[in-house]
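Feature annotations, reproduced from TrEMBL:
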- 49-73: transmembrane segment (TRANSMEM)
- 80-105: transmembrane segment (TRANSMEM)
- 117-138: transmembrane segment (TRANSMEM)
- 159-185: transmembrane segment (TRANSMEM)
- 205-227: transmembrane segment (TRANSMEM)
- 255-273: transmembrane segment (TRANSMEM)
- 279-301: transmembrane segment (TRANSMEM)
- 378-397: transmembrane segment (TRANSMEM)
- 403-427: transmembrane segment (TRANSMEM)
Amino acid sequence: KGVAWLIGWALILEYTIGGSAVARGISPNLALFFGGPNSLPWILARHELPWLDVVVDPCAAALVFLVTALLCVGIKESTFVQGIVTVLNCCVMLFVIIAGTYIGFQTGWVGYKVSGGFLPYGVNGMLAGSATVFFAYIGFDSVASTAEEVRNPQRDLPLGIATSLTICCSLYMLVSVVIVGLVPYFAMDPDTPISSAFARHGMQWAMYLVTSGAVLALCSTLMGSLLPQPRILMAMARDGLLPSFFSDVSEKTQVPVKSTIITGICAASLAFFMDVSQLAGMVSVGTLLAFTIVAVSILILRYVPPDEVPLPSSLQTSFRLSQECDEEKVGSPLGDGNHEQGTSEIKDVIVVESINDPLIEKQLYANKLDELNRRKTAARSIASVCVGVLILTASASVTFLPFLVMCLFCVFGGLLLLAGLGMLSWIDQDDGRHSFGHSGGTLASQHFHASLRTRLLVT
């Protein structure tokens with residue numbers, strides 16, 4: 001339950017702060033339609049509070065409350081609306097790529113001619129930037145929550161996640177390559193980098209087009225960020241990890257209204273007081289934690305799964321009620337019942353006599369001992385992988401260590417990582433792999449290597 005509680009709150013942190021950061025980025029784009037960054041109406045414009053040293057954003061908080069109210073009413077229409085917005089957003093991104101590439105060839109890609117090359121701040125700067133980039137990849141894990149609505153989840157869910165991730169990564173990278181080539185990184189507007197890049201090259205009409213797409217995309221992302229939070233709280237409450245208050249569902253709208261209102265208030269407060277850079281750094285922590293725990297959990301389930309998995313409290317109640325109903329339906333122990341009971345007793349006697357055979361006992365003991373040794377070796381190997389990756393990435397990120405000491409730590413972490421990977425590749429996985437995914441365990445190797453790659457990337 002401790003791990004479930006931790007990962008649940010990591011997901012809540014991811015979606016709540018992510019929604020707040022998205023809401024905070026809408027107001028600068030809206031301001032462009034009113035004439036400039038500081039042209040919003042007074043009631044929606046950003047204001048600095050000198051006694052708190054913060055800049056509040058009433059527009060962001062208002063948008064969060066608006067989306068929260070919409071989610072409390074119902075979400076049947078949101079799927080259709082989000083589909084339209086997603087198509088429009090992809091069209092805008094394709095326009096940015098095509099038009100930006102044309103401008104780049106016309107102007108000679110001035111952004112790539114600055115001094116410093118592709119890594120002006122070195123490896124440490126790249127790692128620091130990659131920590132914030134995790135913010136762009138939140139939400140892909142929510143695809144797995146649709147498993148019950150998918151006809152063939154073993155095939156469709158991995159395919160859907162991989163396809164959407166590939167398309168989004170391609171669009172992200174292409175847009176970044178184009179915009180960085182149009183405007184040097186130090187001259188970009190942190191609030192509206194794409195729109196200001198086109199305005200810098202005299203394409204005002206393109207600026208408004210891109211801004212419209214950005215506003216629509218941010219609104220859709222805000223709704224997608226606020227939608228899963230109440231469901232996570234509801235699931236945790238049903239499993240006994242939170243008070244039952246969070247699991248209440250409205251009979252009229254079939255929506256967890258109380259949880260939705262609470263998450264909306266929290267997200268609106270964060271959007272009102274905190275800026276995007278602070279929010280992005282915080283949401284990256286939740287995303288990194290969730291991805292890391294999932295990757296390690298896959299290795300544990302493949303090699304050292306628990307002998308008994310406890311049912312959630314909600315399922316325990318349903319199972320107990322079903323068992324009581326079955327016991328009430330059972331008739332008297334006569335007739336067919338006695339015949340079945342006698343057959344079962346005969347089978348039990350045969351099994352007991354077979355187990356009492358000395359040769360069989362010796363073989364069973366040897367198999368049990370081999371399995372115990374395999375599990376211990378697998379557990380040590382997984383720990384070696386985790387510790388090795390942690391030491392390797394930490395030593396490569398710090399700046400206060402001498403170069404020789406940093407190299408020694410990197411070598412030590414790399415050796416631990418390679419040793420753990422070698423042992424995991426050499427030893428056999430748990431027998432449960434034969435019932436994982438498709439019959440015959442055809443997906444075992446794919447998920448094993450995918451979990452290792454994920455573990456390396458997220459750390």
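Glycine residues also receive a Cβ, built from the backbone N, Cα and C atoms like all the rest.
Spatially, the transmembrane segment (49-73) is adjacent to the transmembrane segment (205-227); three or more Cβ-Cβ distances between them are under 8 Å for residues at least 6 apart in sequence.
Remark: the transmembrane segment (117-138) makes no contact with the transmembrane segment (255-273), by the rule of 3 or more CB pairs under 8 A. Here the listed stretches are 80-105, 205-227, 378-397, 403-427, and the one with the most C-beta pairs under 8 angstroms to the transmembrane segment (159-185) is 80-105. Among 80-105, 205-227, 378-397, 205-227 has the largest number of CB pairs under 8 A with the transmembrane segment (255-273). Nonlocal intrachain contacts for the transmembrane segment (80-105), taken as residues 6+ away from its ends with a CB within less than 8 angstroms of a stretch CB, comprise 171, 174-175, 178-179, 181-182, 194, 197-198, 201, 203, 206, 209-210, 212-214, 216-217, 219-220, 223-224.
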